[in-house]
Amino acid sequence: MKILGIETTCDETAAAVVTLGEDERGQILANEVLSQIAEHAAYGGVVPEIAARAHVEVLDRLIARALQRAGTTLKEIDGIAVAAGPGLIGGVLIGLVTAKTLALVARKPLLAVNHLEAHALTPRLTDGLAFPYLLLLASGGHTQLVAVKGVGDYVRLGTTIDDAIGEAFDKVAKLLGLGYPGGPEVERQAESGNPERFALPRPMIGRRQADFSLSGLKTALRIEAERLEPLASQDVADLCASFQAAVVDVVVDRVRVALRAFAGVAGHPTALVAAGGVAANGAIRRALAAQAGEVGLSFVAPPLPLCGDNGAMIAWAGLERLRLGLVDDLTVPARARWPFAEVAPAA
């Protein structure tokens, strides 16, 4: 079984081919990604119109390249998976219309994938992970703690009530005059900084629910930065280190709460998982690995190239759905907003 995956929900254009090996484990035959960082850097963030135009310009040839690298043809593909949301609606439409056209012309099943679900299922591609597991899904636009019980079966245990983790990193980077995207820049600066110089708050720590709030932390950092202006290079490094340390503490505490809630909705987790672009952050990965070890769980995070948006995760989610007979027709809509997990009942 070979699946073509197409991803255009934000500022990466991606196409990939994924198959099942003889051991029933996922295998990536091709994974092509074109980033738009250069196009958006001057604006300090993603400009939807520019993103959509860039997808149009490169998607067709990227799909062709993925098929070629995989040593296959559209005729040999068993299904066409596409991220149908959530995301920037212009980009989502471009990917979805392309996938619908290919499915119609080649007479292949169309598999409309939730972008967040694809992140959630990536550990099953990379590690063959069994259900159920606790997922921290953290990216520029989303921060959620989710009990992943099965394909299409998710229970949200916590979410952010304001900024997503990746969004907070990006805003801090912009405030400090760092480059775009902000997350890697803040992490790089933090390596040479003192995480104890600034006593920044740890919002929501100790709360019974597993929700996040980072706006107060971001505001506290801004106040410190304004007090120190003009900022020396060491000030910037120390602010980044202090901010990252605060985020790590919040994440670990929120995961601890979610682990307690997990048993009530899904039994015992097989692992603690991190996915999404923020899962590439080394400090967060190390802290989560330590937290998992304390409670006797393994910690799983995708390889760094699969933390950000990519076509392989879309193809894999499509493959998982196709094996269950979950096929979509050509009327499936593009969705700017598309929640993929139910809200857990209040304790």
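Cβ coordinates come from backbone N, Cα and C, glycine included.
Among the features that Swiss-Prot reports, Fe cation binding site is placed at His115, His119, Asp309. Taken from Swiss-Prot, the feature substrate binding site covers Leu137, Ala138, Ser139, Gly140, Gly141, Asp170, Gly183, Asn281.
Within 10 Å (C-alpha to C-alpha) of Leu137 (substrate binding site) lie the following binding-site residues from His115, His119, Asp309: His119. Rounded to the nearest whole angstrom, the C-alpha distance between Gly183 (substrate binding site) and His119 (Fe cation binding site) is 18.
Counted over all residue pairs in Leu137, Ala138, Ser139, Gly140, Gly141, Asp170, Gly183, Asn281, the record's binders of substrate, the longest Cα to Cα distance measures 17 angstrom. The binding-site residues listed here are Asp170, Asp309; among them, Asp309 has the most other Cβ atoms within 10 Å of its own Cβ.
In terms of Cα spacing, the binding-site residues His115, His119, Asp309 all stay beyond 10 Å of Asp170 (substrate binding site).
Taking CA atoms as the reference points, His119 (Fe cation binding site) and Asn281 (substrate binding site) are 16 Å apart. Non-local neighbourhood of Asn281 (substrate binding site): Gly183, Glu187, Gln244, each in the same chain, at least six residues away, with C-beta under 8 Å from its C-beta.
Between the CA atoms of Gly140 (substrate binding site) and Asp309 (Fe cation binding site) there is a gap of 11 Å, rounded to the nearest whole number. Cα of Ala138 (substrate binding site) to Cα of Asp309 (Fe cation binding site): a distance of 12 Å.
In the three-state DSSP reading, Leu137 (substrate binding site) counts as strand.
In the three-state DSSP scheme, His119 (Fe cation binding site) falls into the helix class.
Close to the recorded Fe cation site, the chain also has Glu7, Thr9, Ala83, Leu116, Ala118, Ser139, Gly276, Asn310, Met313, Ile314: residues not among His115, His119, Asp309 whose Cβ is within 8 Å of the site's Cβ mean position. Within the same chain, residues at least 6 positions away in sequence whose Cβ sits under 8 Å from that of Ser139 (substrate binding site) are His119, Ala164, Ile165, Gly166, Gly276, Gly277, Val278. The least crowded of the binding-site residues Gly140, Gly141, Gly183, judged by other CB atoms within 10 A of its own CB, is Gly141. Counting in whole angstrom, His115 (Fe cation binding site) lies 12 from Gly141 (substrate binding site) by their C-alpha atoms.
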